[in-house]
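Here is what Swiss-Prot records for this protein:
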type	residues	note
TRANSMEM	32-52	transmembrane segment
TRANSMEM	61-81	transmembrane segment
TRANSMEM	153-173	transmembrane segment
TRANSMEM	177-197	transmembrane segment
TRANSMEM	205-225	transmembrane segment
TRANSMEM	245-265	transmembrane segment
TRANSMEM	270-290	transmembrane segment
Amino acid sequence: MVNPVIFEFIGTSIHNQLNNYVTMVASNTMNMIATTAVLAGGLYYTAMGILMSVGRIEGPFSQLVISCIKFMLIAAFALNISTYSEWVIDTVHNMESGFADAFAGNHGTPSSTIYQTLDNSLGKGWNIAAMLFEKGDNRGLTQIVQGFSELLLSFLVAGSTLILAGPTGAMIVATNAVIAILLGIGPLFILALGWAPTRGFFDRWFGAIVTSILQVALLSAVLSISSAIFSRMVAAINLASATQSTLFSCLSLTAVTIVMPYMMYKVYEYGGILGSSISAATISLGSLAVNTATSGGGAMTSIFSGSSGGGGSGSAKAGGESSYSAGGNAMWSPAYRQHVLGQFNRD
């Protein structure tokens, strides 16, 4: 019996190397951007606070405090390797395994053993090829035609099996490598969430990771289907039967093997399309949330600054804008206060 461990050995070796690579690159990226991020963030929020206090910038002070707290939380994820590994790297790997399990169905193979599944499919086909080769090799001179046919069929089955498992393993290994590279440089893109002009970088980085996860999950689903079909067709080949056409069974197996890689290629392509749409939806939802919050804040400001205070508000308005503002019915505006004080200091 042939029990190959080709893909399992390659996949496990690459997976271990990629895990070390992610940790090393993420740590180096954090060390590179930590000083710049702390200095830039500190200077930015210090300058914004000073400008707001002297009236050069209008806006509620609470918004600046909330923005500063949000930046510190983002920095805690982007500049600490243990937090990043636990909350980001492990989460992405769990998403990959979860999507692969869900898309593969009840009898699907988890993504952690997908390389073993490839080896099992490869071993089943090669076992049939080995039996065909042995049977053809044992033919005598009087059965040279049958022996030659079985030898040819053995090579046909072995090649078809490799064509089925090879591209799938290559695409999964390549996609996992892409995920590892994206996770390695992830701290830079997570830190980009701290400033509005650079938030789009995080959306595109997250979209690329989701695209890779969907591609692995969809490949797992197709692999589960193709492995079931392949195993059933291989089990139907009975070399000892005098009535079954071995040639027809092998040709059917070859036809299925040609169709399945094309299906995997199309599924891989559609995974990229779905991931791109999720990325675009993330950006749109982020913009929608910002616009909604801005509109809601403006509406609440109008409500609290326009009608609170009852009848006293009308008399305050009649007395002038300065007394109305002093009554506590409007938000604190340093620029407006400076303008009012300037009116009193005029000659």
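Cβ coordinates come from backbone N, Cα and C, glycine included.
The stretches the transmembrane segment (177-197) and the transmembrane segment (32-52) are in mutual contact, each linked to the other by at least three Cβ pairs under 8 Å (pairs 6 or more apart in sequence). Looking at 32-52, 61-81, 205-225, 245-265, the range that has the most CB pairs within less than 8 A of the transmembrane segment (153-173) turns out to be 245-265. Under 8 Å from some Cβ of the transmembrane segment (32-52) lie the Cβ atoms of residues 58-59, 61, 64, 67-68, 71, 75, 78-79, 187-188, 191, 194-195, 334, all in the same chain and six or more residues away from its ends.
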